[in-house]
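Colleague: For reference, the structure I am asking about is given below.
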């Protein structure tokens, strides 16, 4: 009877075409990259890797969250209607979706590190150009290009995953959420100071600085040893592993690094091969649903604050008092966030890390599938709770919990997807999943910023239903990756 790990590998194993492989001399010890990573363990290199690659989340969060804090200003400047404001966010994720597949394919062929560097250069360049956009059309186009660049930041997660020992992946990868939180809080804090003073264009310019600074430190991170071995570049993989061992102050495994068989590179049709079809489809459904819920919460929060839709609220709108200009009463809802609105956004954003300790324990004790099912089910419940008539404080509490839950969902599916695919198609698997994720993100603005105005309960029920579908998909995934070695 086969063991559980063997059954798992068979369930998701990649059909490979093997060429001639060199066998080591008889009696000579050998080791694989996986064995070297486990032997070297966790040390100084991994801390540096965590800080640098984790910081990519700061830059990504600032670029993605930027639209939420500038939408009231561009709405006013160009007198935009609801669908036009929603279209900005949709086009950002359209760019993300298109480039995510392309960059995933390129990363599997030319390396994770090169594509990560290219994506940061691309995003920084077009982000700076956005700040000079002369019209709404140019703004939409340039932000779509920024979204395309940001899609390549996922390679940072892949590099981290491929260097981390098994027992640390379930702990270190969720902790990366701290960097996304830092980026989200930073852009909201900057917006509260920059928007009322020197304007949204300067906010965009300042927001591009972290991405530019990160480009300068990428040279300290090597290309993935797993990637080099999958390409047959044994010398480069060995040099990388030896460097990591020196940094961590531990010896390398004895013997010769085993050169694997030459493998067919990952192709899109491999993802939908009968052996993986069910797994891939369910992963895509989950990614789409999580992004739909995540960005739905963020944009719904902004709409609730901008329009003061809190049930039963008798308070004046959350904008600067004394603003009686014609603009503030325009049919385009042209008014700005005041200090109270920014404070509420910060509180709800902090929720993204509130459940991190619980999420980490759940992932490592209950496994990826059951943990994701539970958090998705709770997300569905809290979406429905938003319809309860409550005070502003109660609404903030619900938003806080929703941000915590949707963040936990993202943590878990990122880890699961990076673990479930083999090295030859890991970046492709992440790239295609990221693209489907952006489909959900593209739809979310029209639900949060357009449908919610017409039918509040209808929008909430739609978000909740999608989360329930994702919970069912999560618990029925055909393989559990907890404690499983990367293929």
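Placement of Cβ uses the backbone N, Cα and C atoms for every residue, glycine included.
Below are the features I grabbed from TrEMBL:
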TRANSMEM  47-71  transmembrane segment
DOMAIN    49-482  domain 'Major facilitator superfamily (MFS) profile'
TRANSMEM  83-106  transmembrane segment
TRANSMEM  113-130  transmembrane segment
TRANSMEM  136-159  transmembrane segment
TRANSMEM  171-194  transmembrane segment
TRANSMEM  200-221  transmembrane segment
TRANSMEM  281-300  transmembrane segment
TRANSMEM  340-358  transmembrane segment
TRANSMEM  454-477  transmembrane segment
Colleague: If contact means at least 3 Cβ pairs within less than 8 Å, sequence distance 6 or more, would you call the transmembrane segment (454-477) and the transmembrane segment (281-300) in contact?
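Modeller: The answer is yes, given that the two segments have at least 3 Cβ pairs within the 8 Å cut-off.
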Colleague: Could you tell me the mean pLDDT the prediction assigns to the domain 'Major facilitator superfamily (MFS) profile' (49-482)?
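Modeller: Taking every residue of the domain 'Major facilitator superfamily (MFS) profile' (49-482) together, the mean pLDDT is 81.
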Colleague: Would you mind listing the long-range same-chain contacts of the transmembrane segment (113-130), meaning Cβ under 8 Å and 6+ residues beyond its ends?
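Modeller: Same-chain residues near the transmembrane segment (113-130) but 6 or more away: 56, 59, 63, 103, 106-107, 139, 142-143, 145-146, 148-153, 155-156, 159, 204-205, 207-208, 211-212, 214-215, 218, 221-224, 427.
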Colleague: Where else in the chain does the transmembrane segment (200-221) make close Cβ contacts, counting only residues six or more beyond its ends and a cut-off under 8 Å?
Modeller: 48-49, 52-53, 55-56, 58-59, 62-63, 66, 69-70, 73-74, 113, 116-117, 120-121, 123-124, 127-128, 130-132, 159, 183, 186-187, 190-191, 194
Colleague: What same-chain residues lie close to the transmembrane segment (281-300): Cβ under 8 Å, and 6 or more beyond its ends?
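Modeller: The answer is 65, 68, 89, 93, 372, 376, 379, 383, 386, 399, 402-403, 406-407, 409-410, 413, 416-417, 420, 429, 432-434, 436-441, 443-445, 447-449, 452, 459, 463, 466-467, 469-470, 473-474, 476-478.
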